[in-house]
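Q: My structure is below; once you've seen it, I'll send some questions.
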Amino acid sequence: MKHRKSSSPSSGPADPRPADVTRRAALGLTGLGLTGLALAGGLARPALAQTTIEWKMVTTWPADQPGPGVSASRICDTIARLSGGRMRVRLFPAGGLVAGGEVFDAVSAGTAQMGHASPAFWQDRLPAAVFFSAVPFGLLPYEHVTWLEQGGGMGLWERLYAPFGIKPFMGGNSGPQLGGWFMRPVLTLEDLRGLRIRMTGLGGEVMRRLGATPVSLPPSEIVPALQSGLLDAAEFLGPESDRAMGFQTVSKLCYTPGFHEPNGASETLINQVAYEGLPDDLKGVIAAACRMETLHSIAENSWRNAEALRQLVEEDGVELRRFPEPVMQALRATSRDVVAALANSGDVARDIHESYTQALQRLTPWSEVSDRQMLDGRAP
């Protein structure tokens, strides 16, 4: 942890009361009611701090990538603002300090005190990490937050990362994804056999078991691969990101739902030793900044995806189709098998799978009543 002298000289012993107010305010920032206060600078009242704590954040995202890349940048800005400048975090996009795939190790080793990524990126090392990102036919964004904060998920996440000296926080959410862009219709399960589809993670494994050939390609190569015939189908993110990448220029057939990723949670990684070295109020500032970004990103992506979906259909001529019910049934059954297999990757994974499944069973009936029935009622 690096310190440097503050440019603001101290005129004497600091009054402890402002610092105490700052500490309690940051720790108590848990909802929309105080978000406006934070943004207005109500939490940025340092008690004549004599040092500035300077950290580094490494990410798996290119600079300013829409969605998670912007979330990482906003978290850094919010930490500086809520701390009144006492803590500053310098952002390094993928490749800036370490490669994107090295973010977890960099934070674990202390090369950087913070990181921003998707838990799904560590699936090869920690298969159960995907429960904290997206699970096929799993929790929706607000259900995911509910599980973490009310259903014991956060403690299990911390337990999973503890051996690596990392403390995780939520770090944004890009929301549910689309089901994919297809060059030809999917009418039966036979249409999936031999299909070359860009779909990664657990969704890709589901497709593989149903006879498709999942392909991993970086974002910049997806649309050209569809154009050239290298791919028969592909998925990326939600309507806004997909439209910006130009999927609608090569395919007019988009399937829903995004069974493979109903939730798009990102994570903020903190080196545990560095975190424990912070005063309590700055620990609260980090927690508040991450929570604010999760709320902000869910709202932002919901709003922008709604407009992008309208543009895709009304301006670009895209046809939205739901996967046929026999295909949905096969996707559902296969997804259960793929997810259940994760429980065999260790004791922590078994506990996480059990907790996640219990949350899904508990929350689904209420979501059925509160959401689905209301959506049905809105229909003309």
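Keep in mind that glycine also has a Cβ here, set from the backbone N, Cα and C atoms.
Pulled these features from TrEMBL for this protein:
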- 1-20: region 'Disordered' (REGION)
- Gln177, Arg198, Glu235, Glu261: substrate binding site (BINDING)
- Phe236: Na(+) binding site (BINDING)
Q: Tell me the Cα distance separating the residue listed as 'Na(+) binding site' from Arg198 (substrate binding site), rounded to the nearest angstrom.
A: 8
Q: For the substrate site made of Gln177, Arg198, Glu235, Glu261, how many Å separate the two farthest Cα atoms?
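A: Overall maximum Cα spacing for these binding residues reaches 14 Å.
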Q: By a 10 A CB contact count over all chains shown, which of the binding-site residues listed here is most packed: Gln177, Arg198, Phe236, Glu261?
A: Glu261
Q: Distance between Glu261 (substrate binding site) and the residue listed as 'Na(+) binding site' at the Cα atoms, whole Å?
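A: It is 10 Å, counting Cα to Cα.
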Q: Around Glu235 (substrate binding site), which residues of its chain at least 6 apart sit with Cβ under 8 Å of its Cβ?
A: Gln177, Leu178, Gly179, Gly180, Trp181, Ile197, Arg198, Met199, Gly203, Gly258, His260
Q: Would you list, in sequence order, the residues of this chain other than Gln177, Arg198, Glu235, Glu261 that have their CB within 8 A of the centroid of the site's CB atoms, where the site is the one recorded for substrate?
A: Leu178, Gly179, Gly180, Met199, Thr200, Gly203, Ala234, Phe236, Leu237, Gly258, His260
